[in-house]
Amino acid sequence: MDIFIIIALLITLSAIYSYINARMLNLPGTIGVLAVAITGSLLIITANQAAPGLAKNLTSLARNIDFSESVLNIMLGFLLFATAFRVDTRRLRREMKPVMMLSTLSVLLSTAIFGLLFHFAAQFFDIRVPMIYCFLFGALISPTDPVAVEGIMKGSKLPRHLETVVSGESLLNDGVGLVLFVIISEIARAGAENIVFSEVLLVFLQEVFGGIALGIISGFIAFRLMRSISDFQTIVLVSLALVMADSVIASVLHLSIPIAVVTAGLFAGSRSIDTDAKQHSHQSLEKFWELIDEMLNTVLFSMIGLQMINFPFIDNYWRTGCIAILMLLIARWFSIVLPLTFLRRTLNINYGSVNVLTWAGVRGGISIALALSLQIEARYKYLIIAATFFIVIFSVIFQGLTLKHLINYLYRKEQTSESTP
């Protein structure tokens, strides 16, 4: 199928899904589009089973989309930059300790805890998955998704400091999660006995600190260029070039694309502007990236729903999916509580916020893209893909729709206890 036809069909489907949500469901954008897309895919699967070939074009579209390539190497850079560029860096700096804890230590803990829990829980139900693949599953599912998180945050009344923590964590933990995924993938491929620890450490440092360095340098250069002019069209082109150049350079130098793009976005978006004309251009640039963010969000979640056409057997893994959802929630909770127990004095976060942070840890397209990119035995790959779909659908739709009620309940309870003499 021609690339233009694929893009045209994707945009058209995304517009239809978005319209149905806005007209009939009126759910938060991310949640509504995914719900409509999943319903559409289930109808297509049913139609194909009843009359093979009835939805041939849409089935062909789903099979022609390289989801992992599209998300990880094309869309992710734009989505992360769009979010990072509009972050209030002053608020982020105030919450940097809990953000760094959640985006590094908690990801590592969640990966290990989930891997162990999933391995033994699956065994209890006579589902055998090698331990290394369970850790690999943990690495791809532990980082929260900034795209999904931002969409859900818009519909909640989360306290501002917690909103900053959740958003900041989701922005920064993708880089750590992706590096961890690459390392565990290599261990699974080559075998633990053939892996040299110093080489693993070198890869980690290269990906993380190389990405940070690239982001700072490119962000500074782009900011200086944008600051020297007030022509809006040129400023937009410079920002687009920044994202694309960082993605290409990071890929060539084997650096972390998410870390490079997020660092560049934070650096370029946080600088002060010295004239009214340039301030207006900067504000217009934020609106431009907000529009890009909304459009790519809609397309991404339409693609997630569409991918289900390629896996009509997902319902066969419902037990695995339920186990994975429960184990992930437990792992997420412990990965927050354990560091908090030892670092409580240095973190601006209390135990009462743990449940909100656990429930706000939403997964999305990045986890699915990583699951689809797995190069392991087919039976384990399909099991992990199916379980990942269950987790993403549960977290985006169920957690997304109930998060606001959880926040209202918990904070109303706190206010009531505080007002009681």
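Backbone N, Cα and C define each Cβ position, glycine as well.
Now, the feature entries from TrEMBL:
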TRANSMEM  6-22  transmembrane segment
DOMAIN    14-407  domain 'Cation/H+ exchanger transmembrane'
TRANSMEM  29-50  transmembrane segment
TRANSMEM  70-87  transmembrane segment
TRANSMEM  99-121  transmembrane segment
TRANSMEM  200-223  transmembrane segment
TRANSMEM  235-257  transmembrane segment
TRANSMEM  317-342  transmembrane segment
TRANSMEM  354-376  transmembrane segment
TRANSMEM  382-403  transmembrane segment
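Within its own chain, the transmembrane segment (382-403) has Cβ neighbours under 8 Å at 27-28, 30-31, 34-35, 38, 127, 129, 133, 136-137, 140-141, 148, 151-152, 155-156, 158, 301, 304, 307-308, 311, 313-314, 316-318, 320-325, 328, 356, 359-365, 367-368, 371-372, 374, counting only residues six or more beyond its boundaries.
Using a Cβ-Cβ cut-off under 8 Å and counting only residues 6 or more beyond its ends in the same chain, the transmembrane segment (200-223) has close neighbours at 175-176, 178-179, 182-183, 186, 238-239, 241-242, 245-246, 249-250, 253-268, 271. The recorded stretches the transmembrane segment (70-87) and the transmembrane segment (317-342) do not share 3+ CB pairs below 8 A when only pairs 6 or more apart in sequence are counted, and are therefore not in contact. Counting only same-chain residues 6+ beyond the ends of the transmembrane segment (317-342), those with a CB under 8 A from a CB of the stretch are 101-102, 105-107, 109-110, 113-114, 117-118, 121-122, 125, 127, 137-138, 141-142, 349, 351, 354-355, 357-358, 361, 382-383, 386-391, 394. The list of residues near the transmembrane segment (29-50) in space but at least 6 beyond its ends in sequence, with Cβ under 8 angstroms from a Cβ of it, reads 13-14, 17-18, 20-22, 58-59, 62, 147-148, 151-152, 154-155, 294, 297-298, 301-302, 304-309, 312, 364, 393, 396-397, 400-401.
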